[in-house]
Every structure is written in C-alpha cells, then in structure tokens.
Amino acid sequence: MPDSGIAALYWGVTLSMQYLEGRRYVVLAIFTLVGLLFAGRLFYLQVLDDSYKVAADRNTLQRQVQVPYRGQIYDRHDSLLVTNTPVYDLMVVPREVKHLDSTKFCRLMQMPIEDLRLGLKAAKVYSRVKPSPLVQNLSTPEMAAIQDNLIDFPGFRTQARMARAYRTQNLAHALGYVGSITPKLLEAPKYAHYAPGENVGISGLESFYEPVLMGRRGVQYRLVNVRGIDKGAFRGGEFDTLSQAGQDLHLSIDASLQAYGEKLLAGRRGSIVALDPKTGEILCFVSAPHYEPQMLTGKGMGNRYMDLLRNPDRPLFDRPLMATYPPGSVFKLVNELVAMQLGVVGPNTGFECNQKLVHCTHRHEYPANVSIAIKNSCNPYFYQVMRAAVLRGQSPNRFEDARLGLGQWQKMVKTFGLGERLGVDMGHEKRGLIPSPEFYDKLRGYHHWNYKTVYSLSIGQGEIGITGLQMANVLATIANRGYYYAPHFVRGIGATGQPLPQYRERHYTAVDTTLFKYLIPGMQAVVDGRGGTGSFASLAQYGISVAGKTGTVQNAHGPDHSTFAAFAPANDPKIAIVVFIENAGFGGTFAAPAAGLMIEKYLRGKVAPGRQRWENWVEYGVAPTHH
Amino acid sequence: MSPVTTRSSRSLDWPTLLLYLVLVGLGWVAVYAASYSPDAPAHPLSTLPFGELMAFNWFKQLIWIGTAVVLIGILLVVDYKAYDTFAYVLYGVMIVLLLITLVVARPIAGSRSWLEFGPVRLQPAEFAKFTTALAASRFMAGINLRNQNWRDQAVLAGITLLPVALILASNETGQALVFGALLLAYFREGMSPLILLLLAAGGIILLLALLVPKLWLLGGFTVILLAAFALNAKLWRHHLILSISVWVAVVGMVFAVDFFFNNVLHPYQRQRIEMLIDPGKDPLGKGWNVTQSKIALGSGGWLGKGFLNGTQTKFDFVPEQSTDFIFCTVGEEWGWAGCLVVIALYLTLLGRILFVAERQKSVFGRTYGYCVASILFVHFAVNLGMTMGLAPVVGIPLPFFSYGGSSLWSFTILLFSLLALDAHRKQDLLR
C-alpha cells in the first residue's frame, strides 16, 4: 500500500512537471473538489441538521403573553370584595439613561442610593436596550407624585399592570392572596403554562379557583430583530389568540356577618364558621386573629408577610380549616345519634348521673331522657351512652368486644364528614382524627385496651380532632335532620351562576333521618330551658328558637377552650354556626353569647342596641389572651 | 463606435459575459433581500427621492452595477496591448497608492485600507490583485519557471510579496491571503508542485496543531512513521535521511505554530482561528458571526424560506449580511437548491476562465487568465468557507455578489481585462 501510494504520487508529480498542459486539470480538480465540499457541507447544514431551524426560530420568535383581567369576587349580596387596580412599575432602559443625577432621583423616589445602584447594575446585566423594573408596585398616588418629574430622567418610565385590590378588610383567610408564581409552583404540571414572574393565586380561593379567575391568556407571536425590537406579527398573526377575562366568583359569604364575626373575635384566638344548612354555603368564616387582605398586596408585601408569619398568635393560620381540636361536649350529639342508630339507647333512655364513672360539670336533675342529658351536658350519661354503643357483647373477650364496637362506631361517625376532608373549595383543609381500633392497637397494643381506655371520646375529649368547619357541618346535618351538602364558599361561578357540581350533592350519614328529631328539644333546652348551659345564646325575646350545645374543651395549653354549636331557627334552620374561642373557659360563657349575636345579626340583619352589652362581654369580657 | 470595438465585441467570449451578468444579477437580488427592511419597504420602482434611495444598499449597488457596465465598455475599448505594456507601470502606481493609503487612511473596523473621497470609499488592496496579476504575468512571459533560475524566482516572489506586505501592514489579512491564489497560476506555468504539496501539508499540520494537543500530534506522527518503516524497512532505508528530516520538520512546525499562534498573531486573529475551531465556546461574543451565519444558512432547508422571507438576515442577526456574509441570504432564502445553483455558476465561470486562459496564444495572456481564475476561486472558497464555518472569518467579499463598489469594480476589471485580451488573441497571433 505505501508503495503504490507513493508511486502514484511520484508519477503524478513527475507527469505534471513534464507536461504543463496537464496541470490545467489539477487546477480544475481543486476548484471542483472545493465546490463539492461546499455542496456537501451545505447539505449537512441545511437539510440534514434541523437544529439550525430551531435556533433560527428561537432567534426571531418572541411569544408575548397577554395576561387577562382576573375575575372579581363578590359576596352573597353582590357587594364587591376583590377587584383589580392598576399598579405601576418604574422601568429603566440602561442605554437611554443619560446624565443621571442620582441624588435628585433618589430624593424623588425616596429610595436609598444603594438600591438605585444595585437596580441599575441588575438592569444592565439583563439588557441595555430592554426595560427592566427598578421599583415595583407603585400605587396610583405614588405614581402621580413622581410622573411629572420623570421627564428630567431619560431612560426611566412607568409601566402599568393589574394587581389585586380589596374592597373589604375581612375574609383574608378564605380569599387567600395573589403573588408572583414561585419557582416551586412552576414545577407543578398544573402550572406548566405559567411564566416566571406571572401572578398566580397563592392560597385560599384565589388558589383553588385559579383556572376560573385567571381566564385565558392571549398569545401573540411577534418577530423580533437582533436587538429584540418588535418587527411585527408572525405570519400575519395566524397563530395569535385573544385573551379572555377571568370569570367572577360569587361567594356565599355574607360580608357584613363576616365583618361582625371578625370584630367579635378581634383580640382573641379562635374561629367562627356559619353555614346555610339548606345548601352547605358558608356564610361566615372567621379565623382570629385576622389580618386585612390588602396587607398581602402591593409595595412592601414581603415585609408584611414576614411580620404576620412571626406573630406568636399566628394570624396566617387558617383555624377553621386547619386547627383540629377535641370537640368537647358538642360531640355528645354525634355519640347519641350513633347509639340510637345502633338501637342501644332510645330518646327516653335514662342513665344515672353517676360521678364515679366520670366527673360531671355541675349538679343537676336526674337525666331521665336524652333531652335532659343534653340540656345539662351530663358527662356520666353520655359515658354510658357510648359504652352501650361500643360494648354490645359481640365477643366474649371484653377487649375484642370494645375493639369491634369502636370499629363500628368509628365508621358511623365518619359518615358525618369527620376524620375526612369535607371537600371545601379550599386547598388546605385538614382531615381531623376519629380514632379507629387500629389507632389504639398501635398506641396501646392489640387487646391491651378496652372501653375504659377510650371513654373520653364519649364526651368529645381524648384522641379526637375536629375542625371548626367539620363541627359546623355536623350542626348543619342535625339542622337538616340527617343530611348535609359539602360546605363551600362559591355559590356561583361566572356567568353560569352555579357552584361546582359536587356541592349540589346531598350526603346522608349512617344514622336514619328519623332519629335526628330527638335531639332538637334538648338542644333548644340548652338555650332556652331553665338552667340550660347555653342560655347566653338565647334569642327568645325575638321569637327565634335557637338549638345549640355548649362545649368546654380541656387542653394542655392553658384554660379550657370555649365552644358553642347551634342552628336557628330550630324548626326551619337558616344558619348553623360553631364558635370556638381558645382558652376562654366554659362554653356557655363566651362562645354561646357570640353565637347568639351572630345568629341575630344574620337572621335579623342587625344586632339590637340593647344587646351591645353582649358584644362588650364577648369582646372585652376577659383580659386579652396573650401568653 | 470605432471598428475596433465592433471587432472585439464580435469575438467577445459570450458565455463568460453571460455568467458574469447572471452572477451580478443574482447578487443584486441577494443584496436587495439582505438590505430589505419590512419597516421601510422601498423597491426599485418606488418613487422616493434620490437622496432617500441612497440610504439603501441595494440602490447604491444598482449604481455600482451601472458604473461597472461603463467600466466594461472602457476595458473593451482600451487597446488590448496596453495591459501588457503598462503592467509594470500600473504595478508601480498601485504600490505607491498602497503606501499612501497606509499613511493617510483612518482606521475603519480595525484596518487602515480605505481611501475616502467624500461619500465614496475605495480599497486600493482590491485593485492590487489586478495589477499584481498583470505584473506577474508580464514577468512570467519573459522567463521559464522550469529552468529553476533562482534569480527569476526571487523576482517573481518579490513582485508577489511586496503588495502582500503592504496590505498586511494595513491589517487586511484576508486581502493579503488572496495573493496566495497566484501560486496556482505559477503552478500552471511550471512552478514545482512540491511547493503546493508542502503548503497543503503545512496547512493540514497547522490545523492539526491547533486542534490536537502537541504531544498527541507528535506521538501519533512518530508512530505512523515507525509503522511505515516497519511495514517496508527496505524501501524506507533508502529514504532514511529524508524521513528523519521530515520528522524534524514536522516537530519544528508544530512548535512553530504554537509559538506563532501565541506570540505573533494579533489577539483578534487568534480569536478568529479559535472561533473556527469551536464557535460554540462563546456563541454570543466572538463566535457570534459564525454561529449566526450557520443558523441563517441552516434554517434555509431544501428550498429556502423564499425571497424576502429570511428572518435571520432581515432582522440583522447575521452581521455584514450584505457584504461578506451575503451568501447567508442566499442560503436562507433560496435553500440548498439555490446554494447549489450559485456554486455551480461559480464553478462553470471558473472552468470557462481556465478554458479561455488555455486558448491564449501568449504566456502573458495565459498566466493572466490563470491569475484571474485563481483570485476569483480563492475569494469564492474563503468567503463561502467562512459562512459555513469551514474557514476563519476574514473579511473578503464574494465576487459579484457582495455589496460594495470596490470589489465589484475590481472583479469586473479582472475579468473583462482578460476578455479584452481574449477578444484580440487572433491579432496577437498575427503580431
């Protein structure tokens, strides 16, 4: 091989040395070879390799998204709660900035000179010819104050965009807030079509109804030149779409009732949830302490958020949905229903108030029937009710008997929407806990526990956790005599005026609807009976019969929690309400009058002037509950 | 006109003229597309005032083409013997002009090579190719390269290298590089092919020296030599000294390249070579030209995006898009098919020039013909190679295509002075 190659080379050289005329072919061959090389290289670049076409589109195509007008939010009486307002960003185009008097500029903008320096540096890094934001979220008055002077500062201009604006100081926990989408959210498939920096509902209804509120983005494909300057529509706008405004939400919340509830619990920790039992609509959703929704919008939002986060009373904590407490005596109602369904007790069953079994709150008459027991919230009575329900002799082994009985009890209790998410239109709902036999197996060991171990459940104490919303839903179920609609905030979405379909579905419990009526006289007696525990909630003077139940929840964190659950009017319930006030003592003391005021406000539209002493009592009756 | 013109036009080489016209025409269309702006869609039939039209490259190019046609007329009327007679005079004038340029020119884009007369700018280096080709051909006619007369060869080298040195001094590396084309013409007239081979081998080693780490290269080369030796020891024993000296030369060259690259080249020249090797290293900075040029070409596909639809060129992603990178517009808007047509047109023209050169009866004419073909070829090869990322980015135009009066004029002069000689070749025989 080397031989012949070298020989060919040698002869080639020799020949072209000798016959110059032949050299023209050598020259021609060089020309042709280079031509072929180019044709081949171009074939590779232009035909075979697609990456250059992609790169070309990336060069010139700019996708411009038009963010639609975000849907507004109204209360049940169509008063506007949440809307949008223009806010202004101060933009800077570094290349256009000339002879900047930074002292004068910073005085005008009321910003530290260091911020200006850093902002300009960041803008230059981003682009010298495209605008970058220097100060964001200026309000209209703030913008007006600087706009006329901006003419002295070439390269700076304001740019308007829409931000959330609130026409209410209340309901922050339910409304949630809107903010720039976080990198973490961007990774979720649900938010795949969002761009960094775009606004998104971060929590509450803003988050749950994000797709509805957001509307549909308009997309325009624009051609840009090498400096990013717009050069017109791509293919005459063939692929462009128009933006579609977001749909409005009509809440079931009664804004004035909400404001009233927040006022009552101002300075306390706790919650109020009120439902319309006939529909499952949430009328009022108070989480105390509250904050104003506008705190989480506009300039300085980040700082205010951090302040709220650091507050020891945890104002950001959405108590009605996320705080699970033992329900206390209110839970006796559920136990009674379960026991009646199991046939182990009837409305006229009497049990002695035997304080050897469990301590009772006060001395009272013999609980000859369920009404008397409820009225007096007799602990020994309900101890025995639940024992009858759990220990039914299903097994000769007393441990196994308790195990089987508790298992059935747990399944039936869960049909009240307890220990499960109710499916409210909010993302962060907690399940709560209705303990199962397995729970105690794990805690105590298999066949190492019996009714004596779990009896606290009979009076709503112990290893049980229920949210304020779940408790309100139990009251709505009793008010309806046996069924509920999943609680929800939104009664009408956009033009349809309908809630989500799952909120039009009736849920029945494991207890026959015929049995519920036996609770009502006792619950009415709690409020209006002689010596009833919840008499502070009475609205008898207005002819409104309130059916309720007090609760006093022992807890490890100080004084008892005060709770009161009620519905009214007893015969045609229009509102079911649960008031929960942390560390406020006996349920009848503060929670009951608060519930009474709320019911009055809702049913009568106002609170009679003569009852303002109750307002003062609820609001200022005890010293503020700071630790 | 005079009877001379009639005679010369009758015997003018029409295929060459036709190819010239087609290339200039296509070139103008490409320049129009490259300088077309959708914001201000002016066209040749628009009734804009002259002053505003002058803002468009395609309009100025139209004027340049018009003047080139006048130039062709002049070239064909001039007595064909003048090229021979005044070859040295023109050469001398050009050398003086290059010297003046070097002194008076102000730097434009890093080089001092432009003479300015009001709005008109001329680059003497463009015309130096023509005069050097004439002078070299004239000299060639009086010697025989095959005689290995060292004095003749030195004079020829001097004629060639003097303008190269002046142009290099004005920082126009690309233009200087073009003079290498003359070697092809000298080769045709008897220069040893070893010089071409050595240059080619040197080029390959140079490229390898830049691409491959030094030790690998030397190791690999040594292994190849040893392997060849082991395969046929008998043959190689005869050429032992030759083999060793080749090895030494290669080693020396590799180190020389390294030294040259790091210590002699200007930083910008070094960058151009670095970018040729790896444009992806800095796609937004120094590699921008090559990267964008390849994107524009590559996005063309089989048939291109269509006239005026090239986004990369229209929106200024490709720098120098109507001058040095005009071929990007061709590639983007006319696709692979269009590129192939243009390449075929160039090859046909080059082949035709070689044919015309070979039919010259005088050594002067023939050598000059080869010079013309070679100069056009080197422009074609380096310019296209540059747009495709096969050659470093040196600023040399694509003949007849690129926008600009100097280059169009100089290529027109080159080509039509040859056609003028050709038209009179029979008279030359009679002489």
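From the backbone N, Cα and C atoms, a Cβ is placed for every residue, glycine too.
Distant neighbours of the transmembrane segment (B:17-38): 56-58, 61-62, 65, 68, 307-308, 310, 313-314, 321-322, 326, 328-330, 333, 342, 345-346, 348-349, 352, 398-403, 408, 412, 415, 419; these residues of the same chain sit at least 6 beyond its ends, with a Cβ under 8 Å from one of its Cβ atoms. Annotation comment: TrEMBL describes B:17-38 (among others) as transmembrane segment.
Taken from TrEMBL, the feature transmembrane segment covers B:58-78 (among others).
Sequence-distant contacts of the transmembrane segment (B:85-105) (same chain, at least 6 residues past either end, Cβ-Cβ under 8 Å): 112-116, 124-125, 127-128, 130-132, 134-135, 137-138, 159, 162-163, 166-167, 169-170. The transmembrane segment feature in TrEMBL is assigned to B:85-105 (among others).
What TrEMBL lists as transmembrane segment is B:154-187 (among others).
According to TrEMBL, the feature transmembrane segment maps to B:194-210 (among others).
TrEMBL lists B:216-233 (among others) with the feature transmembrane segment. Cβ atoms under 8 Å from those of the transmembrane segment (B:216-233) belong to residues 208-209, 243, 246-247, 250-251, 254 of the same chain, restricted to positions at least 6 beyond its ends.
Among the features that TrEMBL reports, transmembrane segment is placed at B:240-261 (among others).
Residues annotated as transmembrane segment in TrEMBL: B:334-355 (among others).
The transmembrane segment annotation in TrEMBL covers B:367-394 (among others).
Per TrEMBL, the feature transmembrane segment maps to B:400-421 (among others).
Below 8 A, the CB atoms of the transmembrane segment (B:154-187) and the transmembrane segment (B:367-394) form 3+ pairs separated by six or more positions in the chain. Between the transmembrane segment (B:194-210) and the transmembrane segment (B:58-78) there are fewer than 3 Cβ pairs closer than 8 Å, counting only pairs 6 or more residues apart in sequence, which means the two stretches are not in contact. The transmembrane segment (B:400-421) is in contact with the transmembrane segment (B:58-78), judged by 3+ CB-CB distances under 8 Å for residue pairs 6 or more apart in sequence.
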